[in-house]
Structure formats: C-alpha cells, structure tokens
Amino acid sequence: MSSGGLLLLLGLLTLWAELTPVSSQDRPKKPGLCPPRPQKPPCVRECKNDWRCPGEQKCCRYGCIYECRDPIFVK
C-alpha cells in the first residue's frame, strides 16, 4: 500500500473514532435502589446498564448476575 493510501486510511480511522456514538454510560442512572436478591441462580447477564431495561427498571448486579428489576425507594 502506498504512503498516500496509508495516510488516507489513518485519517478515516481517526475520523471514525471521533464520530462514534455516545454510549449509554454517559446517561444518568435511573432513580431508586436495587431490591435484595432472594436466591442465587447461575450467572446470567440480562442487561449491561439501566438503559437496557424497560420502563423504570434498573440493571441490578448481584455478584455475577445482572438483571432488570423494579427499583425500591428508601426515605
């Protein structure tokens, strides 16, 4: 590949890295706390963050388990 082709490729890669979409990690977390887990099933990853859960549910971590749960609110 010629040096011009390499420079073009490098420029396109740089532009692509700058234009990647904003991740859900940049969003604020949903309100409330995760309720306690009543039992210990095998490791399951149902979600990665709150925004992968429907409605007001939160992505709750219990050890190696990630699941969508209704939040609890503590006064």
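First residue shown is number 1, and so on along the chain.
Keep in mind that glycine also has a Cβ here, set from the backbone N, Cα and C atoms.
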>> For CYS59, what is the disulfide-bonded cysteine listed in Swiss-Prot, choosing from CYS47, CYS64?
In response: CYS47
> Of the candidates CYS64, CYS68, which does Swiss-Prot name as forming a disulfide with CYS43?
Replying inline: CYS64
> CYS68 has a disulfide partner in Swiss-Prot; which of CYS53, CYS60 is it?
Replying inline: CYS53
>> Just to verify a number: CA distance, CYS59 (disulfide bond) to CYS34 (disulfide bond), in angstrom, no decimals.
In response: 8
> If you count Cβ atoms within 10 Å of each one, which of the disulfide-bonded residues CYS34, CYS60 comes out on top?
Replying inline: CYS60
